[in-house]
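Positions annotated as signal peptide by Swiss-Prot, on the basis of sequence analysis: 1-18. The feature domain 'FAS1 1' is assigned by Swiss-Prot to 19-171. Taken from Swiss-Prot, the feature N-linked glycosylation site applies to N52, N72, N120, N132, N176. Feature annotation from Swiss-Prot assigns domain 'FAS1 2' to 173-302; the stated evidence is sequence analysis. The transmembrane segment annotation in Swiss-Prot covers 328-348, and the record cites sequence analysis as its basis.
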Amino acid sequence: MHFPALAVAGCLLSRATAQSLDQVLAKRDSFSLLRDLLHQHGLVDELEFTANATFFAMTNQALRSLADFGINLTTADPNIARAIFKYAQLDAIYTTDTVKALHHEAKVVQTALQPHLFNNLTRGQAAKLRSNRTGGANGILVESGLGVLTPVVEADIPYDHGVIHAIDANMVLPHNISETARLGGMTEFLNLLERSDSVARLESLSDVTIFIPQDEALAKLQPILDMLTSEQLKSVVAQHAVPNRVLYQSLFDGVETLETLDGSTLRIRRGKRGEIFVNGAEVVRTDLLLYGGVAHLIDGALLPEKDASCSTGLFAAAAGGSSRVWKILASHQLTLLAVLAMALVSILYKAYQSRKQSHQLIRPSDGLGNYEKV
């Protein structure tokens with residue numbers, strides 16, 4: 001019967017002894033550089049009075065490592081410093097128990113980084129939280145731009161309006177699509193963006209979802225892509241971008257039709273095991289955070305479906321395209337047939353030569369079991 005009273009007393013004691021964000025940072029030597037920087041850039045009050053927040057506090061080690069990398073927040077552009085610190089604050093409280101309840105599923109969360117400070121999203125920039133699968137002491141990983149994972153080294157430090165988690169490395173601001181592709185090893189898609197002169201167009205968009213084909217998928221279409229002009233390639237790129245929609249994987253539910261940048265449509269559906277399909281391609285990596293939205297990595301290029309009964313393969317992918325792309329490919333049909341015919345002749349000739357050689361490779365030269373090549 002005394003437990004409720006004890007709980008109330010504990011709650012009151014907690015509130016009576018709660019401290020401000022600045023007071024908590026001041027009591028820990030590992031946050032001395034962070035506290036100085038927050039005062040220098042006038043962020044203490046702004047971060048302090050955001051209710052129900054989670055703040056990923058960079059330790060002295062994190063700030064020194066960032067300076068060694070070339071970004072000294074004491075002397076850097078104040079806007080860069082403000083962006084990094086505001087990106088480290090989430091708009092809700094996420095404790096260790098909250099994150100562990102995700103069961104290794106990543107959760108997209110909103111940060112305090114609002115447009116147009118190093119991001120181009122109407123609702124502000126996002127980060128991702130997941131449970132630490134390595135069984136770390138604190139069990140929290142925060143994912144930021146470029147897919148960088150940062151582990152929490154000390155968790156659940158309370159302050160007046162939320163909770164602090166200490167990190168020994170900085171969170172990375174999400175980059176634009178070209179830098180994300182370049183640094184993420186998405187070489188073929190980056191080449192396609194540059195060849196089609198689509199970089200500026202995509203990077204000017206706010207609230208965009210981009211589906212990035214894996215290198216292997218684009219390599220299969222390379223013979224066709226090589227025959228297209230820059231304008232035609234631009235149309236292909238546009239079919240991989242959905243404007244005015246920031247579609248994190250948690251928002252995909254059931255079947256939905258999306259309109260792409262060039263006005264064609266994509267069909268999104270959830271599989272029985274929770275997998276996500278875009279037309280015939282499967283999403284193999286979700287929620288790559290971008291400066292202007294989000295990207296998903298897929299295992300096939302998106303030439304929107306024209307006939308669901310088409311078989312798989314290069315020409316099926318082409319036939320699945322929009323009428324504009326199909327007309328482009330049809331205009332080159334004689335060239336394609338010639339290339340395929342030459343390839344077939346070459347394969348048959350090599351097979352004939354190989355068979356002939358295998359029949360005449362050796363013959364007996366004496367009666368002692370010795371052989372010689374023909």
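Residue positions begin at 1 at the first shown residue.
Backbone N, Cα and C atoms are what each Cβ position is placed from, and that goes for glycine too.
Keep in mind the model is a prediction, meaning the values are calculated, not measured.
Known features from Swiss-Prot, placed on the structure.
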residue	record	Cβ contacts under 8 Å, 6 or more apart
N52	N-linked glycosylation site	D91, A92, I93, H161, G162
N72	N-linked glycosylation site	L66
N120	N-linked glycosylation site	L205, S206, D207, Y291, G292, G293
N132	N-linked glycosylation site	N138, G139, I140, L141, P151, V152
N176	N-linked glycosylation site	E203, L290, Y291, G292
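Residue counts for the domain 'FAS1 2' (173-302) under DSSP (helix as H, G, I; strand as E, B; rest coil) come to 43 helix, 38 strand, 49 coil. According to DSSP, N120 (N-linked glycosylation site) is assigned to coil rather than to any helix or strand. Taken together, the residues of the domain 'FAS1 1' (19-171) have an average pLDDT of 95. According to DSSP, N52 (N-linked glycosylation site) sits in a coil region rather than a helix or strand.
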